[in-house]
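A.B. asks: Structure incoming, see below.
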């Protein structure tokens, strides 16, 4: 059994650990009873999408009745939402590195306090594609920064700390195999560029501020493509770094909503976007079913 590795010696000395942004605490909640059987954690930006995912996975695993309501475990706060069915935990993380980072600190501690073992964490999300047909799914090989380096730079106590953003290679291959078995949508393994912003940070021409031209934008995106980048989002680097440090198997599975070489605005119809967003859910749902021997 592989347990969570906490890189923090101070936690042992604390009588109680309050996970403030989840409105949960070791003094008020019995973590092993509530979460001890969790094996798969899926995280994504939006609370409604993570609620939809738990309903979907419940049905897939034969654990829920249609129309069944799943209570939000973090109902005491509006920062994040959390849902559970059987061995699957579904948690929202908001947008961007700071938001997912706060969530992950508390999620990793939650799994530790619950004495969970052999955990797999997968981020399911949306992204902008580079040189891919919209609706394609990208399984991340490495998360890279805006200069295409596979690292996360963080300032801790005034000093720059550099952390690795590699993800589990075997897990990526298993997910790719699952996608082949489903055979419903184009899936690739590629690098994912993680930026600090949606507009200038991703070379868009349609933000409130833009001081470069279209030629420069396209050159940048082509350079990204040539370095192995296939999609762009805003959470994967810190997700990979924190899972690495905690000894947790992790993957990032994002659908591309548009091809950034062809534009900046997401103009597909609502129904098309809803179907695209279900693709990572389908892939990860199938992977979980297969892992549990239910395919």
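Even glycines carry a Cβ here, placed using N, Cα and C.
So TrEMBL has the following annotated:
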BINDING   79, 123, 124, 125, 126  phosphate binding site
BINDING   202, 204  substrate binding site
DOMAIN    39-288  domain 'Nucleoside phosphorylase'
A.B. asks: How many Å lie between the Cα of residue 125 (phosphate binding site) and the Cα of residue 204 (substrate binding site)?
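C.D. replies: Per the Cα atoms, residue 125 (phosphate binding site) and residue 204 (substrate binding site) stand 20 Å apart.
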A.B. asks: With residue 204 (substrate binding site) as the reference Cα, tell me which of the binding-site residues 79, 123, 124, 126 is the closest one.
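C.D. replies: Nearest candidate: 126.
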A.B. asks: Where's the emptiest Cβ shell within 10 Å among the binding-site residues 123, 204?
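C.D. replies: Result for the binding-site residues 123, 204: minimum number of other Cβ atoms within 10 Å at 204.
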A.B. asks: Across all the protein chains here, work out how many other Cβ atoms are within 10 Å of the Cβ of residue 79 (phosphate binding site).
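C.D. replies: Excluding its own Cβ, the number within 10 Å is 18.
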A.B. asks: Looking only at the domain 'Nucleoside phosphorylase' (39-288), what is the mean pLDDT?
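C.D. replies: That stretch averages a pLDDT of 97.
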A.B. asks: Sorry to bug you, but what's the C-alpha spacing from residue 79 (phosphate binding site) to residue 202 (substrate binding site), rounded to the closest Å?
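C.D. replies: The Cα atom of residue 202 (substrate binding site) is 26 Å away from the Cα atom of residue 79 (phosphate binding site).
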A.B. asks: What's the longest C-alpha separation between any two of 79, 123, 124, 125, 126, the listed phosphate-binding residues, in angstrom?
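C.D. replies: For the residues that bind phosphate, the greatest Cα distance is 20 Å.
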